[in-house]
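Worksheet: the structure to be examined is printed underneath.
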Amino acid sequence: MDTVIVKGSEMASVIKAKLKEEVNDLFPKPQLAILLVGDDEESRRYVRLKEKAVDEIGGQCRAINLPENTTLVELLGQIRELNADPHTHGILVQLPLPGPLATEQETVLSSLSVVKDVDGFHPFNRGKLFSTPPFLVSCAALACMDIITMYRNPRGLLTVLVGDSFDLVQPLALLLMARGSRVCIIPEAHEWEEVAARADVLVVEKGRPLMVKADHLKPGALVIDAGFHWEAGRVCGNVDPMSVTGKAGWLVPVPGGIGPLLIAKLLENLLTAYREQVFAADDW
Ligand SMILES: Nc1nc(=O)c2c([nH]1)NC[C@@H]1CN(c3ccc(C(=O)N[C@@H](CCC(=O)O)C(=O)O)cc3)C=[N+]21
């Protein structure tokens, strides 16, 4: 079977070109604030990718790098300032938070202004997924949903999600359920093989580098790699692309798959947040 390699980076370019046109007519320009605590190399790399993407569509991006030893009170103070700043339309707190702040993640996410929460991580926005329509939704889940619905009608399909994250697996499960998919969640990459072998759509967030091989797949499956492992400065995913090519119907690879597309979805969320704040305010 021919395997289609899904180019998330090309889908992202199409979205960004459309957003760029829209932003061209907007004054003030949409502005995203990114809060990065500490200097983790991987996180800094992701922040740079996001800054570049905002720049590409003609928006403004402020990356604020706080020291590793920032206290919860200081971080909440910074967020409160950004919440109140009318020039800031979107706020993103880069995760994971370092050290002792990691256990305060929910407190931090809860302190974000709901309309500026471009990640869709505020508990209100996560809860809104149980309602129709939701408001700001996690970019990773939106990216997967875009790809799945581009190639398949989810209704009745067996969709297997390996992982349990609040930023991908939980929201994606709800979006797929709403579309009539038979969703199966395997929280850890442990005894996942039996169910995965029957999956029409397989999303693998948790796992080990190159863990998924051809033998694990139903022929023709749509396979989305959502694992990012850094080894010697290079990124690789949970799916072995060499192995699954010829067995999968579609492969969304790492790199060049879900990653670039999720950043494009972040830009869409920034525009949603912007419209909500700037245009909704005009209505008064
Ligand atoms: N508040 C918050 N929001 C996030 O959206 C968020 C986060 N924290 N923490 C970390 C994860 C991870 N994440 C990725 C973004 C882009 C790629 C991406 O574009 N990857 C490239 C490879 C990397 C590269 O080219 O440097 C690719 O797959 O082609 C991957 C992963 C967003 N995250």
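Each Cβ is built from the backbone N, Cα and C atoms, and glycine gets one as well.
TrEMBL labels come from automatic prediction, so no person has curated them.
What TrEMBL records for 7-119 is domain 'Tetrahydrofolate dehydrogenase/cyclohydrolase catalytic'.
Per TrEMBL, domain 'Tetrahydrofolate dehydrogenase/cyclohydrolase NAD(P)-binding' is recorded for 138-277.
Here TrEMBL flags Gly163, Asp164, Ser165 as NADP(+) binding site. Following the DSSP three-state reduction, the secondary structure of Ser165 (NADP(+) binding site) is coil.
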**Same-chain residues at least 6 apart in sequence whose Cβ lies under 8 Å from Gly163 (NADP(+) binding site)** = Val169, Ile185, Ile186, Pro187, Ala189, Val203, Val204, Glu205, Lys206, Ala226
**Message:** Suppose the NADP(+) site is Gly163, Asp164, Ser165. Which further residues of the same chain have a Cβ inside 8 angstroms of that site's Cβ centroid?
**Reply:** Leu161, Val162, Phe166, Leu168, Val169, Gln170, Ile185, Pro187, Glu205, Lys206
**Asked** So what pLDDT does the domain 'Tetrahydrofolate dehydrogenase/cyclohydrolase catalytic' (7-119) average out to?
**Response** 98
**Message:** Around the C-beta of Asp164 (NADP(+) binding site), how many further C-beta atoms are within 10 angstroms, looking at every protein chain?
**Reply:** 15
